[in-house]
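Presented below is the structure to which this report refers.
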Amino acid sequence: MAALETAPETLREARPKAAPRTKPAGAPKLQDTARIIIFAAALVMFFIPLVASAAFGFTLPGKGFTLEPLTDALAGTDFAAQLFTTLELAVLSTLGSLVLLVPTLLFLHLKAPKMLRLTEWLSVVPYVVPAIALVGGANLFFRNVAPSFLVSTYSLVPFYMVLTLPLVYRSLDAGIRALDVQTLFAASASLGAKPRQTLLHVVLPNMRAALLGSALLSCAMVLGEYALASLLLHSTFPVFMVQVGMNQPRAAAALSFLTILATWLLLASLSSVTARRGTKKSTTKGGSR
Amino acid sequence: MTIELDKAADRPEAVQTPPPSKTSRKTTHNTTRKAPGKLAGWLGALPLLVFLSVFLIAPIATNIFTSFRVDGQFSLEPMAKLFEPQYRDAFIQTINLSLLTAAVGGVLGFILAWALATGTKPAWLRNLVLSFSAVASQMGGVALAFAFIATLGVQGLATRIILSLTGWNLSENIQLASFFGLALVYLYFQVPLMAILMLPAFGSLKKQWPEAAYSLGASRFRYLADVALPIMWPPIVGALLLLFANSFSAYATAYALAGGRVNLVPILIGFFISGDVMADESFAAALVTGMIVIVVAAMGLRTLLERRTNKWLR
């Protein structure tokens, strides 16, 4: 490495043409200021809507900080019920995805790696079908096949599982790939462990980061989902927020601020979960989504 | 597979006596499993496959089927109706909005990605921006719409501050419930999304490449044009296509901000499904099909480019 780096250096010394040499020497200062300006601008842009929604939602002219707009808007509504429904849906669809995907993926990695190409391809399909398109198709299909299915709020759960599939599938798959389950199972079997013991005591604890990461992603997505819930006529928190926003913009801003904050916390804790894992591979995987 | 066999071969000499039978059974099982492996694979994937066929494939198939049928007969009429001025205009508007936010978001996001990828100077600042970009790229939806109303709406914070400072009423010039207002709000997630998508591509430009080019006497421009650009353009275009699809399929933000005031495909679909407009099942399905076709085209192209990219970017 060192030899490689010094070689061009000597070559450059030999060359009288100074143009390429002065650039690396003079440019960094200018580039560093440019970078700092870009970072600062990005931070300001990210924060302005947050600050504004907090300021707009939690103050009244001439009164300073107050919870009044929020409490006024929420009084007499079944706000708590809707929030609870959304939380319930988030938990159920997250659990559903994990219960469906973890055993399937482990099984396929162990017994039939060739099938993974098909399931991976399928897992990306929801990316191509926007939520608004899925709801159109779901409406048509289930009205003909099982008319009573869409009535229950819980009917949203499988659709949320589908919508979060690309993210959840990939983060679980990456977690399993990083493990080399075949070897783990073989090694632990040779030590006398039953497959179930291996699964519970070796594989799942090692997948903690992947499990946690996919759960956080799934929760964050479900908490903000609006298209499916509103068009299938279920009242969830985002639907409630739009109703409030029709005539109480301050309360809507306050709720938005709290929602954005909660989502940021969820997703920021996700990046710290993946950061602790620390491999460069996992971040590039995450990026290509 | 070979590792497994090696391990199994090593182990029996170890202390335990009962396990070897288990491992040997496993290895023989593994070697003779070739034929039933395929069946086991299908069986193992079955729950996932069934789940996806019921909740993803069947709805899409029903939708596409319905969009070619009127009163139980095959017909191209619903699809043809997409070309009526009102609906054609919706598609054109949505495509324009997606092109605009993908282009502007792409340029700004590329600059941000460049700063993130090459800058290490104030590490805390860089990390802060990086983690917020990752989060902001996933934002959107109702909350973002109201946050922007609180910023740039008639009584928004920024509007009031600018009004009191300069006397210029921002909200008269920037209507959030308009084409450009929506574009502005979309940029909030498009810019960081582009940055996050471009980071791996920047990261894989090897440091040695510019050194090699300069040592051969290339100018900076020459390096960018002949080395960096040919390698970077597939991921750039791929990311732009994803931004396009992302913006094309956004519904919640657009609905909460503009309702029916902007003629966009997702909003039209929403109106048809919720029954605000006359219930024409086939035409609603045709709108959805049209949308799927456009998003599939964008994402399909991206997949092709991604394959090209993987050749270089490791």
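Residue numbering: from 1, along the chain as shown.
Keep in mind that glycine also has a Cβ here, set from the backbone N, Cα and C atoms.
Feature annotations, courtesy of TrEMBL:
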COMPBIAS  B:1-13  compositional bias 'Basic and acidic residues'
REGION    B:1-33  region 'Disordered'
COMPBIAS  B:23-33  compositional bias 'Basic residues'
TRANSMEM  B:42-70  transmembrane segment
TRANSMEM  B:90-116  transmembrane segment
DOMAIN    B:91-300  domain 'ABC transmembrane type-1'
TRANSMEM  B:128-154  transmembrane segment
TRANSMEM  B:174-202  transmembrane segment
TRANSMEM  B:223-245  transmembrane segment
TRANSMEM  B:251-273  transmembrane segment
TRANSMEM  B:285-305  transmembrane segment
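Note: the stretches the transmembrane segment (B:174-202) and the transmembrane segment (B:90-116) are in contact (3+ CB pairs below 8 A, sequence gap of 6 or more). Sequence-distant contacts of the transmembrane segment (B:128-154) (same chain, at least 6 residues past either end, Cβ-Cβ under 8 Å): 112, 115-116, 170-171, 174, 176, 181, 184-185, 188-189, 192-193, 195-196, 250, 252-253, 256-257. Outside the transmembrane segment (B:223-245) by six or more residues, the chain places 98-99, 101-103, 105-106, 109-110, 190, 193-194, 197-198, 200-201, 205, 209-210, 213-214, 295, 298-299, 301-302, 305-306, 308-309, 312-313 with a CB less than 8 A from a CB of the stretch.
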